């Protein structure tokens, strides 16, 4: 939640457009590494080593983030490099998705994905909770290692990221098992990735008795569902600063509280899937359609209508809050919606509508491709994640 306020504070040359490109670079690293990790996992017939490598890379990125203020100038570029490494480190998510699809039955798969979604929600909530806990420690905060490694409301989540990555490394080393390593033996042909190998696997995919029209439709729906989060991730901070004239600390605190509420709602949804077996009581198609209706309603409600909106506030050079006409041409005429309903709708959509849509699509897609072998399963799950990443790359660039 503190990336944009932090970047704009330590590097005044950083713009919202650059932040959008940095966010897109994070997703590009994720998309490319998702395919690379899938290929690597196939070559060694297991996911443990790629997952461990990804966790180590994320640990390096967290350590790099601590040293950003040691860079004398153009610190935004160092932060961009950290974003790319974080994105690459998250590239093993398709392997974990295929692992879940492989070790669960069709009956309990929606429950398994609900648990995975709950884990992701918890990982997202930890950072904002840390920021709320350190709300009384504004930037620059306490100096942990002189002169520039600090603990404050903005940097608190990265300390938790460091700790959780260390825990994840130990869990991967001692708990994760390649369940089918004995079942899958590499042949001389599959041990070497080549154009011929890729053509062979594509040929095997085409030969599968899959409903390809439905597969393509679900991939398109995944891209559409991911557009909201992709765009908001890049523009929420700059929008709060420019349109609502909030300072960096105010942005971090408000967005942290909103993110915690989002996490609690999404976690409650995961519990409903796990405890109450919501996936068996409500059709995935119905839940997905209802989720999309909520998103559309959110756009309608938060539109800046003249009778409910106010003009932009001028830019303040000291606090770096307000609309800067040198950066945005619409400062003089654009209206601003009320922040309270805007934030409330944002919480409902991000906490309920989008997780519901994602879990529905996860379940539908996994039922379609869940019975094929591990190699092709990894490829198909990578396609699913990459489809989402395409929007995650395009959304921040377009939005910012």
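In case you wondered, yes, glycine gets a Cβ from its N, Cα and C as well.
Same-chain residues lying 6 or more positions outside the transmembrane segment (20-40) and placing a CB less than 8 Å from one of its CB atoms are 7, 49-50, 54, 76, 79-80, 83-95, 193, 230, 233-235, 378-379, 381-382, 385-386, 389-390, 392-397, 399-400. The annotation transmembrane segment is assigned in TrEMBL to 20-40 (among others).
What TrEMBL records for 52-71 (among others) is transmembrane segment.
Taken from TrEMBL, the feature transmembrane segment applies to 77-96 (among others).
Sequence-remote contacts of a segment are chain residues at least 6 beyond its ends whose Cβ falls under 8 Å from one of its Cβ atoms, and for the transmembrane segment (117-137) they are 1-2, 151-154, 156-157, 159-161, 164, 252-253, 255-260, 262-264, 266-267, 269-271, 273-274, 355, 358-359, 362. The transmembrane segment annotation in TrEMBL covers 117-137 (among others).
The transmembrane segment annotation in TrEMBL covers 157-176 (among others).
Note on the transmembrane segment (208-231): residues 27, 288, 291-292, 295, 349-350, 354, 357-358, 361, 364-365, 368-369, 372, 376, 380, 383-384, 387-388, 390-396, 398-399 of its chain, located 6 or more positions outside it, place their CB under 8 angstroms from a CB of the stretch. The transmembrane segment annotation in TrEMBL covers 208-231 (among others).
Feature annotation from TrEMBL assigns transmembrane segment to 251-275 (among others).
Sequence-distant neighbours of the transmembrane segment (282-305) (same chain, 6+ residues past either end, Cβ-Cβ under 8 Å): 110, 221, 225, 228, 334-337, 341-342, 345-346, 348-349, 352-354, 356-357, 359-361, 363-364. Here TrEMBL flags 282-305 (among others) as transmembrane segment.
What TrEMBL lists as transmembrane segment is 335-354 (among others). Residues 225, 228-229, 232, 243-244, 254, 258, 261-266, 269, 291-292, 294-295, 298, 301-306, 308-312 of the same chain lie 6 or more positions beyond the ends of the transmembrane segment (335-354) yet place their CB under 8 Å from a CB of it.
When Cβ-Cβ distances below 8 Å are used as the criterion, the transmembrane segment (251-275) is approached by residues 1-2, 4-5, 110-111, 113-115, 117-118, 121-122, 124-125, 127-129, 131-132, 135, 153-154, 236-237, 240-241, 343, 346-348, 350-352, 355-356, 359 of the same chain, each at least six residues removed from its ends.
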